[in-house]
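The structure under discussion appears below in the form of structure tokens.
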Amino acid sequence: MFSPLIEVENLRREINRHNQLYYVQDNPEISDAQYDTLIRRLKELEEAHPELVTPDSPTQKVGAEPLKAFGIVNHPYPLLSLANAFSDTELEAWYQRVKKLLGNISFQIDCEPKMDGLAVALTYRNGKFATGATRGDGFQGENITRNLRTIHSIPLNAEPNAPPVFEVRGEVYLSKNGFAKLNRERADKGLPLFANPRNAAAGSLRQLDPSVTAERPLDIFIYALGYSEDSLLPDSHWQILDYFSKIGFRINPLNRLVNTMEEAKEYYRQMAANRASLPYEADGVVFKVDSVSLQHRLGDVGREPRWAIAYKFPAEQVMTRLKKIGISVGRTGTLNPFAVLEPVNVGGVVVKQAALHNEDDILRKDIREGDTVIIQRAGEVIPEVVAPVLSKRNPESKPFRMEESLFNPNLNRPACPVCGGEIYRPAGEAMHYCTNVSCPAQFERQLEHFVSRGAMDIRGIGESLSVILAQQGLVKNVSDLYYLTTADLLQLPRMGEKSADNIIDAIADSKTRPLDRVIFGLGVRHVGNETATLLSRHYGNIWALAKTGLGELQTIPDIGDKIASSIVAYFSEEKNVAVIRRLEEAGVRLTSDQKPVNKNMPFSGMEFVVTGKLESFSREEAQEKIRSLGGTAKDNVTKATSYLVVGADAGSKLAKARSMGVKELSEREFINMLEQS
């Protein structure tokens, strides 16, 4: 059930809905921590499956577009987002990366509570507060100057010795007491209550009537200098904030300057322990390299500064009852266990299911049906079952066994829950499989995979239509798609003639997809898009691949025994060969126009990984340029990686590359390499 494509589409819908609630309506349904886990999981999936990345994905934005109800302010220097750490290990990795980039010199670290409010930029000209804007998308924000003028802790006039023009950045917030008072007043008036202080602060600042904002007990802490025309300011973030404190700006008194990472970790531990007693909401700690000149040396990567990181507080955990362990069927026949839970609210989201991965994972955690379990949403969109609460366990409960759970009394054996097919677990693998190649659940997932963006990219056929086409019997194997007619589609419920025509056109357009897309779309077990590209370049056409033997496959770099055996097994099945023949008869391109790699080409012997969003071309285009120059384009960072090309919103691959010492290339450096080649 939990295919990457389905999960990515569900995630984007969920994140976009929450963005609308959060940024536009100021009435979100989930906490910032829960939102972070959604974004983190989506980034992980897009890193693992780059063919699923789209320009409109929420991961491709810093924030949200400004509201048109307010004027637009262009930020002279972008308000960047921060990379996140969720453990001491990740924080230490950031510190070591920075040290290495700076040549192992010592540096001081600023430690600041990560306020859970609304980021704003305040510009002063000739001693007067001139403009105030929200973060917006990082490059443009909403002009909320009139509303910010009502906040008493924002000076309307700067001290005479202040720089002639400068911008400071701060977090507008509502204290816990102020939030409680505001909600009591709203309850008395019969108005809807705010979900949390952050929403209340954001909603207050986005009032079209400044008098409404003036009634709210808003406050601000300044956390950074955006820019200044005074070149005599100190080369220390700490001293700059101290300077602005002395000329009338409010700085958080809990900020600390430390000399070592151990001191920084201790600061975090103290803040986490005292989190509940803080007068405002905070969701972590921000660490910054103190020296401004060192900050400039370190620069940014994507849309995140290298010199700062946000160490988030732990995710919320709750207890609920695990009613049942269900089993879903994947496209290759994998039998995937998942927890069916008593509905429980975790960080503002009602959770009914959680991932369990496989039988070994369930037994390792000793999770049983009927248990009271601890659930958390940290790094997993599908929430995770952390552990059972043994003190609440029914003494008669039994350990979970996949084959016992799948036992079908009518067949007197374990069976696939969808088709009743026999199941097996290959030696050395963690997953059980349904052996029935005609299992309808498998084919539904296979069809979803074939039409997906990374494969044949047939627009208009998504998850739901794939299921309908399979269940209605219109498509019994993937080649049937190319024999559909508009009349066939018009038989389906809620299908109009224009939509049907568009789908038929999209199917026809897909016939010219490159060979590697076809190979990937066929869904051969263990053959991902990287392997499909290797096979396409090596064999040049599908029939040469179909006729190959195990020995030849094993001579191809990165094709191991498991992949080779899977390929041979796939093409030894006559039904698979018959599908490919029908694809060929329908006009699907089954040959490659790629040229063999010349060892004297500029990128020969180099292995590249591309991460994040590039401005000049898509990730797929960048990978094709690498291949055209003889290089290898991979999806995952390993010790063999020569270069990591880093775009905006880079994810976990960047952290992994830094931990392994892989050389990073900015987009401009990558383009320079292309031009010089």
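Residue 1 is the first one shown; counting continues down the chain.
Note that Cβ sites are derived from N, Cα and C of the backbone, with glycine treated the same way.
Since the structure is predicted, the reported quantities are computational estimates derived from the model, not experimental observations.
Taken straight from Swiss-Prot:
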BINDING   Asp32, Ala33, Gln34, Tyr35, Asp36, Ser81, Leu82, Glu112, Arg135, Glu171, Lys288, Lys312  NAD(+) binding site
ACT_SITE  Lys114  active site, N6-AMP-lysine intermediate
BINDING   Cys416, Cys419, Cys434, Cys439  Zn(2+) binding site
DOMAIN    598-677  domain 'BRCT'
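DSSP gives Asp36 (NAD(+) binding site) a helix state.
Asp36 (NAD(+) binding site): 22 other CB atoms within 10 A of its CB, across all protein chains. Ranking the recorded positions Gln34, Leu82, Lys114, Arg135, Lys288 by the distance of their Cα atoms from the Cα of Cys434 (Zn(2+) binding site) places Gln34 first. Candidate recorded positions: Asp36, Leu82, Lys114, Arg135, Lys288. Nearest to Cys416 (Zn(2+) binding site) by Cα distance: Asp36.
Annotation: Cys434 carries the greatest number of neighbouring Cβ atoms among the binding-site residues Leu82, Cys419, Cys434, Cys439 [cut-off 10 Å, Cβ to Cβ]. Close to the recorded Zn(2+) site, the chain also has Val329, Gly333, Ala415, Pro417, Val418, Gly420, Gly421, Ile423, Thr435, Asn436, Pro440, Ala441, Gln442: residues not among Cys416, Cys419, Cys434, Cys439 whose Cβ is within 8 Å of the site's Cβ mean position. Across the residues of the domain 'BRCT' (598-677), the predicted structure has a mean pLDDT of 82. Counting in whole angstrom, Lys114 (active site, N6-AMP-lysine intermediate) lies 14 from Asp36 (NAD(+) binding site) by their C-alpha atoms. According to its DSSP assignment, Lys288 (NAD(+) binding site) is in a strand. For the domain 'BRCT' (598-677), the DSSP-based tally of helix, strand and coil residues reads 29 helix, 18 strand, 33 coil. Around Gln34 (NAD(+) binding site), a 10 Å sphere centred on its CB holds 21 further CB atoms from the protein chains shown. When the Cα atoms are compared, Lys288 (NAD(+) binding site) and Cys419 (Zn(2+) binding site) turn out to be 56 Å apart. Cα of Arg135 (NAD(+) binding site) to Cα of Cys439 (Zn(2+) binding site): a span of 51 Å.
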